[in-house]
Each structure stands twice: as structure tokens, then as C-alpha cells.
Amino acid sequence: MKRPSWVVPSWMVACVLLTPAMSRGQDNGPEPLTVATWGGAYEESQRRAYFAPFTEATGIPIKTVHYDGGITVLQEHLASGEVEWDVIDMIQSDASAACDAGLLAPIDPGILAPAPDGTPAQEDFMQGAINRCFITQIVFSTVIAFDDRAFPGVKPDSVEDFFDLQTFPGKRALRKAPVGLAEWALLSLSVPQEQLYDLLSTRRGLDLAARRLDEIRDSIIWWTRGVEPVELLTSGRAAMATGYNGRFFHARVMEGAPISVIWDGQLIGFNSWTILRGTDQAEQAARFIAFATRAENMAAQASLISYGPARKSAQQRVGLHTDVGVPMMPYMPTAAAHMERAVIRDHRWYSQTGELREQWFREWLGAGQTSE
Amino acid sequence: MDRKIVAQVVYQISAVTVVAILLGGIASLAAIGFVEAVHYLNGKLLISPYARVLAEDQHLLVVAATLLVPATGGLIVGLVVHFLVRQKRGLAPPDAILAAQTSGPAPGFPSGVASTLAALVSLGSGASVGQYGPLVYLGAMFGSLVGRLKLNLRHQRSIAIACGVAAAISTAFNAPIAGLVFAHEVILRHYSLRAFAPVTVAAATGYIVANVIFDRPALFLVSFNEVAHTYEYVFFALEGVLCAGMAWVFMRLLKVSTSTAERYIHWPWARPAIAGLMVGVVALWIPEVLGIGQETLRFATIEGAFGIGELGLIIIAKLVLTAVCVGFGFVGGVFSPALLIGILFGAFYGLVLPYLLPVPHSGLVVYAICGMMALASSVIGAPLTTILIVFELTRSYDLTIAAMVSVVFANLISYRVIGRSLFDLQLRSWGFDLSLGRDKAILQTHPIRDFLSTEYTAASDRDTVGEVRQRLVDDHRSEAMVLDHNGRLLGVIRLQCIVNSEAPLPVMEAIIPSFTIFDEQTSVWQSMESLRGFLGEAVPLVNEYGQLLGVVAEEAVIRAYLEIVHDLREEENEAA
């Protein structure tokens, strides 16, 4: 595949910035930019903080399509011949793997605006956020939450409790993907988080995790879409569920659902903006990313949903929730009290072990079927 | 107090403190650098499981690395050691002990650097050796450099070496008290306040550098509540005894592998490469044998991570390959392999125990930790240090007391069967025997020729008895040394034997041909031993050609003994 040089997008962006009306489809207004993202309360916060203000500022409408992670869908989308997606909101490990597989267009770091006080973007973003073809924008967390009604007495408060069906009976909802499962299994065996990925790099570590998961196998309900864990908990079908912290925040604070979050063993991940290779709207895509990573816009999103912005100047601007006025900091995954047993997802490990994890997961699922 | 004395005391205390802080910092940074470099190499060379799993899609590359990296590393180690290290072997804690105990020449700085490089390559390429030995030597190397500075401090070299070692151990284990005790227990072999103070400062500095500045992760983290049943202490004691047996097996294997390498592989520089190849071949089936085995160490404390059979297999493989790697000349220590084999053996014991004695027990963790410390303490001869490592890393009294019981029983047995430690066995093979304490060992390092006198009465083989008798009377002596024309000693003449002899009798007919004699290598200890039943005045000392260099009076031997022992007692009882 031919690689466009680094310089091309930046001057193209410059041209677009100077002459906004010159984009294609001048007659019927600008062609919409397609952003692949995750739906639900999260997408809603993006709509309010990024999409609507962007359209207002540039006249470019934004169309969203649903995306649930992984890089296979990208490969399939590219193979279909018609590239419709422009910008994708990807998990960092997926972005890194997709970048290595040549599925993404490079992004010129020059498009990133400095902080309002003039600090260059390179220093303002968290370490490792700015990459060749992805710009990390938020810190999210996959946490364990429980239905308060299911445990009227003693409440669960650790990963160990998630695996303890005797003390805390009830169904466990887990994402049907080899993400986080092995980490929680080993954490519950009191492996320190610094050593998780070293141990999971061995056959023994994966086998051990599989055996630990066996103990709750019969109580697992699988989910695939980010909105499901909240539904499973509120409907009472699951007593405990893993899910994205922002969704649980939204359900609890905005909708008053009886859901509590266990921060112990939270799996911290990062979401990154990427541009799909082969899109004919690369310049508008870059322009959108430049817009969405401005400190004030990132802070606006963080005041709607509890995901931490990936740049310091934006973090400093996080205060009360825009609509309900609750302070946002205690709900952020990065709050100091939540970090003690947090697992920072090793995106290098994730991006290189996709096949291994998939195979492990398939084998584990298969082992369950044969034994039943 | 005299102003001059006050100034001297102030100088002493501040100089010692500065030296301790400086050495603590340097040794600690060097230790961190070393550990990081090993980690980096393990990653780049596909030794660490993390690096291997990231390269999963290139399976052949992983296989090739497994086979070739340890072997190539071995070749480099062999060449470095053979051509760059003067001693032609890796420098290790015994060298540090010797340099701290004696005033003889320490291994040079260039040899030390080359040896450290060889250790780095050994560990980096996955040989089954440990990192603490090289770290201890690294600390000792900086210590002996500082020991050479003209600071006019008493026992400067031994204290400086102890400071370097304490900081290295304190950094490596994140355990300052263990570092402090290790320097006294293994290196200095005494606890004087003068040494204690600076060594404590150095250990604390190492800890601060490791924790505050670099935030190093701990060697192992376990959670353990309490020993649930009192009878388990009996199990811990028994475990200690078994660990002493394992330590004995390990040392036997080490001896066998060393002599095998010497007998069958003619070129010393090729030996580590062959050991490396063996590691690689075994690692294709049992990857746990590669490198330091941090992950395996962790798994040993998790219930259900190993089955009994595979645990036994890994223990045997690790035991044999460590003996092969060390015996064939890879540069590295035995402490971390001993910790690893010990923790695996402890886990094995913990798994087997319920089958032998079906009574409830407190889980795997405590047995694993007990095994780890009991085996390691037998090998390195440092019971206090190992007990303190458990305490500092786990901060659990129950775990520490359990480990203490195992360690003590292991040491009771191993001390008698093996000796104090592997280090002391090595030192003994170099002629420095610490098994009866410091006195004997140090008396053995001082040659009696330092107390030589050239005042004696000489006689020629052509002299007559009358001439010699007259000369002895003139010199007020009762013994004459009979020499040939080349100055070679033929015998001695004693006045009491020739008092009534005829004057013209040739000297050679009155000579005493068998008598006590010293040579240039005779130590103070040997001279003391050979003076038992000695009746003469002085002992002649000859060079390798039999030529007389002088005599050592009986009084001089006693004086030598008293002076050396006095120095030792003074060193051991000095205040700061």
C-alpha cells in the first residue's frame, strides 16, 4: 500500500482551514464526516462536546456509525471497497495494532493545538498519547459494578469478591472478549498488578487464569455492547457486571439506577482518535481531531461523562457536571483513591497478543461446552 | 579533651559518613543500572516470557533464540573471562570477603569491570545463574576503590567494601536491614560499632535511592494472614532439614559439574557456551529454566499454578542447570537460583504434605517462603539476612517466624554437613579457611617472613667445631646455621651438642640434619603449629632454592600472633 508523506496532510489541512467552503459537494453543503464510535451516553457526550460545536464552527455535519472495538471490522470495511468511515474512536491497543497493520493514515502532530496557556501539545498530552497514527484522547476504565439491591448486607468491594460466589451469589456479566478476564482472574489470586502481564505472557499464567474463570463459569452472562451491562444490572438479571465506568456513572448519577462501582482492579485503558486509511476526507478528519482535542472541548466532554481527558490543561478544567452539577472528579478513573489497585492496560502487550488471547478464549469457551 | 583529638574525631566521623553516603549512592545506582540492563537484554534477546509472547507470531525466531542466545552468550562470557579477567573466572562474593578480611591485593578494577560485564551477558542471555552475586561484587568493587583513597581512616578498606555490599543488597531486595546484616554476617564477620555506623548509612542510602528516586518493585509480594495451627511449626522445622539436604545436593552437583567441565572440555573459554546450549535445549521443553525466573517465583506462591509432577520436574531441571551453568563458568551468583529452587521446593513440600499428613494447614504461601529462605540461607550462609528479607518484604510476623524456624533448622544441619556456606567452601579451596573463625583464616594469610631477623650466627661446611663453638660464645647464641658456599642451609649446630666435642672435628659431623624450617610461604598460623615441641632458639627461613634468608625467633612467632589477634579484637570492638 502506498504511504502518503507526512507533509501532505498538514498543508492540506492548512488549505482547508483557510478556505472552508472549498470542500467537495459545495452545491448541497459539505459532505458529512463519518465518525465510528461507541453509542450510548458516551456518544451523546461526544455529540454535545465535539460533534455539534464542530458542525457549528465549520459547517461540516457529522454522521456516526456504531463501532464495538477490534480491528477485524476495519479490515472488513476496507475490503468492502467503499470506504465510508473517516474518523474512528479506537481503544489504544487496537489503534496500535491497526497502525502496524497499515489500516490507518498517519496524523501530523502539528495539527494539535497548544494548551490555552501556550504549553505545546507535546508537553500537555500524557506521555505516549501522541503517536504516528493515533492521538490518545481519554482515559476510560473497565470496572466491576454491582446491583445494590442484590447485596442488602455486606457489599462486595474487591476483585476477589467478584469470584466469590458463596459470599456474593448471583450472575456475573462479562464482556465476551479476551479483554480483562485474565487480568481479573490473576488479580483475584493476589498477583500484584505490576506483574500481571509478565505472568500472562506464560502458558502457565493463562492456564491459571482459565482455571480461575472455571470457578464462575456457570454464573456468567456475556455481553458485547457497551450499553448492556447497565441493562443487565438494572433489570436484575446480573448481580455484578463489568463495564465502562462512564456508563455506570451515567446510570447512577443521571438516571438514579441502584448501581455501585468497585474501583478495585479497575482496568484502565485509553481511547484514541484515528483516521482510516483510504478515506477521501482525510483533511476534514484531521481537522475534526484537531478540534476535538482542544483543551476546552475535552473538558466539556469530561463535564458530561466520567472519562478522564488525556491532556493536563483539560483535566484542570474538569469541575461540575454540566447538567446535574455533581463534582466530576470523584467519578474519574484517575482519582487518586481509585488508582491503588488499578491495572493499566498494557497496550503493547494487547496489540501483539490478539491472536493468542483469541485462541485462549476460544479454547476456554470450548472446554466449557465439552464438559457440559 | 585535647583540641587536636576533637578535630581528629570530627574528621573521622564526617569522613566516614561522607564515604558511606557516597558509596551507598554509587553502589545503589550501579545495582539499579545492572538490573535494568539485564531486564533490557532479556527483552531484546527474547528471554523474558513477555518478550517471547510478543514475538509469538514468529515461532521459529523464538525457538532459534532459545537455542542460540544462551550458547552465544556463553561464548562471549567465556572469551571475556578468559582474556579480560586476570583471575580467569568470574569475581564473586568470596573475592569481596577476602578483600575485606585481608590486606592483600584485591582483584583489580579492570578485572572487576570485565567480570561484571560477563555477569551482565550471562544473565542477559538467560543462563541459569543469579544476579545478587555480581551485585555484591559490584558493591565491593566500588568499596575497594574508595578503600584506596588516602583518607587515613582505620580499617578503611574493609568498611568501604562492607558499605558497598550493604547498599547493593539493600537496593536489590528493597530491604535495608537485610543489606546491613548481610554485610556484617557474610563480609565483615563481626559487629563493631565503627563498621556498623557507616554500613547502616550506606544501606539506608541504597534504600532511599531505590525507593524514593527509582521506585523499584519488590522481589515478591505475598498476602498471608497467620499460621493457623501450632503443629505447623514442626512442619517448618522438618522443611528446613529437607532444604539443608537440597542445599547439599546442589553443592554436590556444583562440584561434579565443575570437575566434569575441567576434565572433558579442554578450552576453558568454550565451557560456558556448552552450558548455554544445554540450557537452550532444556528450555524448549521447560522454559522456566531460562534466566532469573521472576515469573516462576511468583507462581510458586499461588495455589493451583503447578501440579506436583511438573513442579518436581522444574525443580530438578533448575537444580541441575544452575549447577551446570555455574560449574561451566557462566558468571553469576547462586543466591537467586537458590531462592527460586527453594521456593519451588517449598511449594512442592506444601503440596505433598496434605497427602502424607492429612491435617489442615495454612496454605501454600508460608511453605513456599520457608523453603525459599531455608535453602538460600544454607547456600550463602546468612541465616539472619534471609530472615530479615522475609520480614522486610512481607512485614508479616507470622511469616517471618515460620521462615525463622525453617532457616534455623536448615542451618543447624547444613553447617555440619556442608560448612557455613558455598562462599566459605570456595575460600577454603583458595587456602583461606574461615571454618574455625576469623583468627585462623587471617593468621593463615600473614606470612611469618614479615617477622624475619637477619641476626644469626653462620657457619661454613668447612669450619671445625672449635671455630663454631668460639663464634657462638662470642655472639651469645646457642645455635649456628651451617651453609654451603652457595648460601644453602645444610643444617644447624646446637651449642649443647658440641660443648664436649673435640675442637678439630669437622662441623658436618656434629650437624643436626632434621630440624624445623620455614619457607617464604609459611604463614603465622603454620609457624605456630610447627613450634609445638620445638626446642631451639630460632627457626631458619629459606627461599625456594634452600638458601637461608634469615631466622625467625620463637619470640617473634608469639609476637606475630599477639599483634594480629590484637588487631582483630580491636577491629571487632571499636567504637565509632
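Every residue, even glycine, has its Cβ placed from backbone N, Cα and C.
Feature list (source: TrEMBL):
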- B:448-496: domain 'CBS' (DOMAIN)
- B:513-562: domain 'CBS' (DOMAIN)
- B:12-40: transmembrane segment (TRANSMEM)
- B:60-85: transmembrane segment (TRANSMEM)
- B:159-183: transmembrane segment (TRANSMEM)
- B:195-214: transmembrane segment (TRANSMEM)
- B:234-254: transmembrane segment (TRANSMEM)
- B:274-293: transmembrane segment (TRANSMEM)
- B:305-331: transmembrane segment (TRANSMEM)
- B:337-357: transmembrane segment (TRANSMEM)
- B:364-391: transmembrane segment (TRANSMEM)
- B:397-418: transmembrane segment (TRANSMEM)
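In this chain, the transmembrane segment (B:337-357) lies close to the transmembrane segment (B:234-254): three or more C-beta pairs between them fall below 8 angstroms, excluding pairs fewer than 6 positions apart. Counting same-chain residues at least six beyond the ends of the transmembrane segment (B:12-40), those with a Cβ under 8 angstroms from any Cβ of the stretch are 48, 116, 119-120, 123-124, 131, 134-135, 138-139, 142-143, 146, 151, 153, 156, 159-160, 163-168, 170-172, 197-199, 201-206, 209-210, 214, 216, 292, 576. Over the domain 'CBS' (B:448-496) the predicted model carries a mean pLDDT of 88. The transmembrane segment (B:159-183) makes contact with the transmembrane segment (B:364-391), as judged by at least three Cβ pairs under 8 Å among residues 6 or more apart in sequence.
Here the transmembrane segment (B:305-331) has long-range neighbours at 74, 77-78, 81, 89-90, 115, 118-119, 121-122, 127-129, 134, 246, 249-250, 253-258, 260-261, 265, 268, 271-272, 274-276, 278-279, 282, 286, 288-289, 293, 296, 299, 337, 340-341, 344-345, 347-348, 351-352, meaning same-chain residues at least 6 beyond its ends whose C-beta is under 8 angstroms from one of its own. When Cβ-Cβ distances below 8 Å are used as the criterion, the transmembrane segment (B:60-85) is approached by residues 45-47, 52, 91, 110-111, 114-115, 117-118, 121-122, 124-127, 268-277, 279-281, 283-284, 287, 290, 328-331 of the same chain, each at least six residues removed from its ends.
Across the domain 'CBS' (B:513-562), DSSP assigns 16 helix, 15 strand, 19 coil. Secondary structure of the domain 'CBS' (B:448-496) per DSSP (helix as H, G, I; strand as E, B; remaining residues coil): 17 helix, 18 strand, 14 coil. Sequence-distant contacts of the transmembrane segment (B:274-293), counting only residues of its own chain at least 6 positions beyond either end whose CB sits under 8 Å from a CB of the stretch, comprise 38, 42, 47-49, 52, 63, 66-75, 123, 125-128, 130-131, 261, 265, 313-314, 317-318, 321, 324-325, 327-330, 336, 340.
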